[in-house]
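Student: Below you'll find the structure I mean.
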């Protein structure tokens, strides 16, 4: 399909459409020159541009006057200066001439058809009489036309042909067009519109007015839809541009078919054309494409995602356009007197083609740039979060490897495409230069079919004086002299219009030559030339953007040392039951590799910058001898994996047990470049955790698998059971009420008065605005929402509440807080303020605090589910009444008796921590993130369950999310990295998933407690043969029936 090509080769498609549109524009412009322009003519005349037209003084014109010869009964034509006329006399006749090849077999009557009713001399058939004269290889055809200098008839110009237009243009170039002329033209246009409207009936006005209103509503609706989809201007403009192109193509097709539609009729049809093409279809296509590209795997090529989205969106769009085209074609065929039906059908055909070609190509480039910008935003966020430039670039490229590659490849396609266009341009010019000797042959070919206007400068300069001397005008002057009803007429010889004979369409060179001539003619127009400059400027901007993408893509990480590859090939993971050890294998490999040099030799080589020549054992010696700092191995060796292996060996040999070097803690096959300057220091390996998955859990109508990294048996299974029960009721519904991360510095003042004044200023609108401006200037992503203050003696605690997009954002907030405090001290008059700490525990971070429970921190989410009573019995093995009673007694009363703050739940921290470890969140923040209150109610025999979590602190950028395993789990949830269209949506979605998962865990654990199955399930799922001593059969049976027997003796249980 065409959309696949447009998505894969967008730049080529745009270039091809641009060429075709330019050709259609030429045809459209040629058609406009044949239309009536009373408004334009009157506006030109108003400013003197057409004064005396066609008697406007033009170059090379001559004025002749018939005078009597003294003493003789005869008269002669004398040339007189134009100034002698003085505006009082008048010119009776204009002699207009056409020059064309002498042997061209054409019907020259077509040249003067517009002047059929104005000619002075007619032949027997009523057509204009020509006066012919051969001049070399050219034929001069002349006619006589009446003209009045004082009052040139405007109606004479309304049927203006290209001949008249060619004479208007020099006058316009000479006088210029000012702003006042444009205002006059607008005013004249408005007056002419009112005149046309006054001649129409009320029904016609109502129909056209309604159509224009609907058109404006459609355009505004399209703009608003594109705004909601994340495009402020360009996609909206592209849709309108595509529609304009379709109208141009349709007009060209209609005129080629012989159907003439006047300019006034086209203006009346414009709103119907806009309404016919259905702009909302373009918005729907855009929505589906953006949705597909937002939720798809970011590593898949962009053009594949767009092609799939277009394939899904195509059927309804094709049905709409097909129905409209068929109906309009039938009406056009039936010929009901409305010839615009043919135009409407043509517009719909071309609009459908351009929608899936030109617009899809524009949309592809837009999304390519958006994906690249998203990757660049990730890199900048990671830098603000404290990562180094190289690590941030590596992580951003790894998160979306296809973006840079695609943008880079797109740049190279642009580069080669530009070279091809430049080559074609040079070839056309060379062809133009080389074809000059053959133009005369082309113009005089016997196969010529019609005449076309030529550029006069390319042909011999025929001057009126020379033609007069050659007797070219003798016949026409004699005919004028013989007319009996005039005395002493004046005649003006106007400069001629040159025509060449067009060759037959079978000549390829003629076609190319004609195209070049037309192109050069129209390209010189001031309007088109300005658009070409704008297009070239836009092209340069796009090329610069893609050049930056290609440059970033060309930056490659330094390849790993060969010694690491050797070690990886030799060292394998060996189970603990094997008698061999990794240490023995490594020592054997080092011994085989080379002989260990003395410490003095190693120090000399190291000081001389030859560290790369040392083997691992020699580097270990240097490190043990304190010549290389343990933390600097990555920087010195330029090889992160080798540095980890050596550090592991050094630590093992320096420790008391000396077991680390030969332990089963893994070290190889891990991307430590993502860890360096990002997650951990002094790395000696990595710690695998069991990773399970619960679900799928339906959250807000979408299924999610919940990744959980934990070492606690029965936790994943319990959460899985809760997911099953929640899904039985239709899934979970979540509401996010707040999204704000906080940092609370502590500042001090000399006395309470100054501290109180600072608090009042910070709480005022002025103070809030100053601090917000200072804070927001430090980051492209962090935005200060509001400030809360608390005073304790002379110490002032300030809580900055900010939004941080998809990042958890603690580091970028700290940078903004520092700068805001500096501005407060230097510019707000609080130079006596002392900053005690950027974090004064008023945040509060990684500590239980009532302020997080009340005001929230991070994302505040409430999740709810309705579990049918039957599902409670069949899945959870308990009853609704028992669950509600247990929740009140345990989670509410029990936590209150313990004086808990935010701990009104069964085990929210269990689920939060497991999900945090799996998705790369900060595990320490489970302290405040686990704030949760679980509520249960019996509603018509069903269980209404909800969890409210006011301080879920999560992010999808930075921290542990840069690691590949954790990033893979974010990919599983579809929330990795920054959201393409709405920053912050990915982290907010992750918070919703956490809340829903906590609700599933709460439901399952409370059910196990209510039914007395907790101990039994843990014994069954939390005992493994590897770490549990053998038991006899009598000991394996849990004694949970004792609880049932106790409860059974209670009345009502």
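Positions of Cβ are set from backbone N, Cα and C atoms, glycine also.
As annotated by Swiss-Prot, active site, proton donor applies to 1018. What Swiss-Prot lists as N-linked glycosylation site is 137, 518, and the listing cites sequence analysis. Residues or ranges marked as phosphoserine in Swiss-Prot (evidence: experimental evidence): 1024. According to Swiss-Prot, the phosphothreonine annotation covers 1028. Per Swiss-Prot, topological domain 'Cytoplasmic' is recorded for 1-8, 225-232, 280-320, 363-417, 548-1053, and the stated evidence type is similarity to another entry. What Swiss-Prot lists as topological domain 'Lumenal' is 30-203, 254-258, 439-526.
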Student: Using DSSP, how many residues of the topological domain 'Lumenal' (254-258) fall into helix, strand and coil, respectively?
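Tutor: For that range the per-state counts are 3 helix, 0 strand, 2 coil.
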Student: Counting every protein chain present, what is the number of Cβ atoms, excluding its own, within 10 Å of the Cβ of residue 137 (N-linked glycosylation site)?
Tutor: 12
Student: Restricting to the topological domain 'Cytoplasmic' (280-320), report the mean pLDDT as a whole number.
Tutor: 76
Student: Residues sitting near the topological domain 'Cytoplasmic' (1-8): Cβ under 8 Å, six or more positions beyond its termini, same chain?
Tutor: 302-304, 306-307, 310-311, 314, 353, 356-358, 360-361, 364
Student: Please work out the helix, strand and coil residue numbers for the topological domain 'Cytoplasmic' (1-8) from the DSSP assignment.
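Tutor: The composition, in the requested order, is 7 helix, 0 strand, 1 coil.
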Student: On the three-state reduction of DSSP, what should I expect for residue 137 (N-linked glycosylation site)?
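Tutor: Once the DSSP labels are grouped into three classes, residue 137 (N-linked glycosylation site) ends up as coil.
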Student: The topological domain 'Cytoplasmic' (225-232): which same-chain residues, six or more beyond its ends, come within Cβ distance under 8 Å?
Tutor: 239, 280, 283, 286-287, 290, 366, 370, 980-982
Student: Per DSSP, how many helix, strand and coil residues does the topological domain 'Cytoplasmic' (280-320) have?
Tutor: 35 helix, 0 strand, 6 coil
